[in-house]
Every structure is written in C-alpha cells, then in structure tokens.
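**Student:** The following block contains the structure, expressed as structure tokens.
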Amino acid sequence: RQGIGEPSVYHAVVVIFLEFFAWGLLTTPMLTVLHQTFPQHTFLMNGLIHGVKGLLSFLSAPLIGALSDVWGRKSFLLLTVFFTCAPIPLMKISPWWYFAVISMSGVFAVTFSVIFAYVADITQEHERSTAYGLVSATFAASLVTSPAIGAYLSQAYGDTLVVVLASGVALLDIGFILLAVPESLPEEMRPVSWGAPISWEQADPFASLRKVGQDSTVLLICITVFLSYLPEAGQYSSFFLYLRQVIGFSSETVAAFIGVVGILSILAQTVVLGILMRSIGNKNTILLGLGFQILQLAWYGFGSQPWMMWAAGAVAAMSSITFPAISAMVSRNTDPDQQGVVQGMITGIRGLCNGLGPALYGFVFYLFHVELNEMAEVETLGKASKPNMANPTDESSIIPGPPFLFGACSVLLSLLVALFIPEHNLALRSGSHKKHSTGAQAHPHSPPAGGSDGKEPLLEDSSV
C-alpha cells in the first residue's frame, strides 16, 4: 500500500485536524470579508451561502460515500479536502469568487463521511466508539486553537498573512494524504469490477428519509433530531458574525469565546456525559441536554450585553451532550445488522438541517432588520457601538437575536417529542431495508451518527 505504515486512526486524525485548523484560522478575516462584500444584507447572504453549501453536501454525501466503497477511501479523501479548501486563497484574490466557490464546494464538503468510513475499515466494532471519539476530539481541538491564533496573527500582521498560512496548512494536508495516508479499504472488500454499477438507492440522499416513518420510535427520534439540530446548524453559521457585529465583540474576544466554549464542550461530552448517563439514564440525559439548549438559545435571543453571551456560552457547552446521548440510545437499542440503516436516517436528517438551518437564520435576521452598516464602527468603538440597537423603539433593542428565539421554540417542541421516546426495550426495526442506506453508511462497518458532515461532532459547522 502507498503511504507511511499501515492504515491507522492517526492518519484520519491528522487529515481532520489540518483541514479544520486551516479554516479555523480564517474565522476573523472571513467575518470582515463577508461584511465588506455584502454590507447591506450580511446575515441573509451568510445564511444563503451556508445553506447552499449544506444542501449540496446533503445531496452529494451518499454518492461520494458509495463511490468510496468502490474506488477506495484515499482518492476521495484527496478529492474532498482539495475542493473543500480550494476557496481559501480566493479570499484575498476575489471575495465574490471566494463566496461563490464556498457555496459550490458543498458538493465535496463531506470529508467526515469518508474519514469515518476510513476508521470503520481499520477498527473492530468494540474499538470504534473510542476511535470516533478521538476523531471528534481532534476536530474540537482544531476549532479551539485555530481561531485564537488566526485572530492574533490578523491583528499583528494583517489578514493577508493569515490567508497565506491557511492556504499553506491546506496544501500540507493535501500533501499528507498523497504521501503518507495508506488506503484503508482492502481489495477483497471492493466490488469485483471497478465498473460495478452503483444502485440509485445507495446514492439517493432521500432514501433514508423515506424510511423514517416505518417505525414509530425511529420517527420520534428523527423528529427530535430535526427540531433540535435545525436551530443548531443555523446558529453555527451566523453566531460568530452576530457576536462581532451586534454584540460588539472584538476579533480577539470572539476567538477567546470559541476557545472557552470549545473546552467546556469537550469536558461536557466526556466527563459530564458519562456521569449523567450512569446516574439519570439515557433518556433523561437527552431531555436535560434539550433543556440546556432551550435556555442557551433564549439567552442568546434576549441577551444584549457581552457577559450574557459568555454565560449563555457555558450553557451551550452543556447542551452539547444531547446528540451523543441520542446516538448512544440508538446504538444500544438497534440490532447490529441494522445500525447503518437507522444511523443513516439520523445522519440524513442532520445533513438536511445543515442546509435549511443557515438559510432560515439568515432569512429571520433579514425580516427583523438585524444588520450592521458600518463594520468600522465596531472596530473603533468596540462594545459601545451597536447601531442596530441605538433606537430604543426598534424591535432589535428588545429582541436582539430573533432567530435564536425561533430556535428555542423549535427545541421546546423537540423536548415535547422526546418525552414520548421509550427508553427501554426499543424495537428499532428497519424491516427489509438494505444496509447501504446512505453514502458513508454503505460500508458494512457504518459509523455512528456522531460523524455526520458539516458539523462537527462538537461545534457544528464541521463543514466549513
């Protein structure tokens, strides 16, 4: 096999870390370029850009996953990383092309699908949860460290250096895949012929969604996931821009906020989650996580002071336990030969939310006229500058973040639905469904739902 050594989880970890580290560096420059390019409807355009990218990822993930089952993982790792990182140099060359290519790159922004299939190829079933946890923690670590580094370099040396550095990290990732990553899929596990046909069911992104209603418990879980993840996906696409423009956070404060919430989320998903699962049970952990998410979104929606954002951020870290708890419930109560089918349904729901959530948030911001017309005012006056809150009769002075309140209502509905999910003796049946329900799940060793694309298992917009 080409590459260095035998295929290992550490190869996957390096690929994920470098890709998202490169994008994390651009957190501060991207907020500036976004507002300069779309000064009138910043939030709306941000939502549309991320919405198009998320929907394209949802549509393409099953096909790319199915093709990687035929042609191997390495070539598709190279393809997804290359096209996902292709927009980075364009930030300084042509902002319009930069945002256009970001939208179109959604077709290939499915690195997590291929990475989790890669890990499934090389691990035994009892090792897999630990391996996925390592990949997820690495993703979180890249998002915790890189925005702060990017903000410091941008402040000290300018955005151009940050873009050049991010481009260099992306090239390093591509080089690592080419030279160091060995193929994980053995020849004997591939179809006999490389020209073997791929059925439409394998490549159909809606195949898993059509199966949702065939089991009442699966339906309840999928509705819970949809209603809770829709606002989360929208929040990830716009929240840092919201902190910068509406609340008045500086670049350095935004980077520090990401770091602190990221570290707290890692602790919540490791230490706290384990304690809660043992003490109050799986279902109650899910309900508690949804309760924290409602509080967090309501606090973001009504909060107008920086300290409120920090307090809500701590609550947000606790709300990150919800999806791992849901994933664990499904995994524990599904027959081994049906894991891929049921997990694929949930992954499909999350992929759909990655497209709909950002567009919904951008549209609600637009409806409520939450905009900032002069970025320079925030840079010079800092927290004192909140032009959209200057008029006390303006609705934004009462509700600074309307989309977050819409999100809180959505999660409240999710909580009510989750109350009806049975905790014990679940019968997550999938009838005669084939195991290749969605792309990366087509492989017999299907990853758990925690590896859905575009979110990252910890901060969710894994696809950047």
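If you go along the chain as it appears here, the first residue is 1 and each next one adds 1.
In case you wondered, yes, glycine gets a Cβ from its N, Cα and C as well.
Below are the features I grabbed from TrEMBL:
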DOMAIN    8-425  domain 'Major facilitator superfamily (MFS) profile'
TRANSMEM  12-31  transmembrane segment
TRANSMEM  43-64  transmembrane segment
TRANSMEM  76-91  transmembrane segment
TRANSMEM  97-119  transmembrane segment
TRANSMEM  131-154  transmembrane segment
TRANSMEM  160-181  transmembrane segment
TRANSMEM  218-242  transmembrane segment
TRANSMEM  254-277  transmembrane segment
TRANSMEM  284-302  transmembrane segment
TRANSMEM  308-330  transmembrane segment
TRANSMEM  351-368  transmembrane segment
TRANSMEM  404-421  transmembrane segment
REGION    432-464  region 'Disordered'
**Student:** Is the number of Cβ-Cβ pairs under 8 Å between the transmembrane segment (12-31) and the transmembrane segment (308-330) three or more, considering only pairs separated by 6 or more positions?
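**Tutor:** No; fewer than 3 Cβ pairs under 8 Å.
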**Student:** Could you name the stretch, out of 97-119, 160-181, 218-242, 254-277, 284-302, with the greatest number of CB pairs under 8 A to the transmembrane segment (404-421)?
**Tutor:** 218-242
**Student:** Would the transmembrane segment (254-277) and the transmembrane segment (97-119) count as touching if the test is at least 3 Cβ pairs under 8 Å, pairs 6 or more apart?
**Tutor:** no
**Student:** So which residues does the transmembrane segment (218-242) touch in its own chain, when a touch means Cβ under 8 Å and the partner is 6 or more beyond its ends?
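**Tutor:** Sequence-remote neighbours of the transmembrane segment (218-242) are 27, 31, 34-35, 42-43, 46-47, 50-51, 54, 211-212, 254, 258, 286, 290, 293, 297, 300, 322-323, 326, 329-330, 342, 345-346, 349-350, 352-354, 356-362, 365, 401, 403-404, 406-408, 410-411, 413-414, 417-418, 420-421, 428, 430, 454-455, 459-461.
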**Student:** Let me spell it out: take the transmembrane segment (160-181), skip the flanking residues so only those 6+ beyond its ends count, and list any with a Cβ under 8 Å from a Cβ in it.
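**Tutor:** Sequence-distant neighbours of the transmembrane segment (160-181): 3-4, 7, 11, 14-15, 18-19, 21-23, 25-26, 28-29, 74, 77-78, 81-82, 85, 88-89, 91-92, 150, 153-154.
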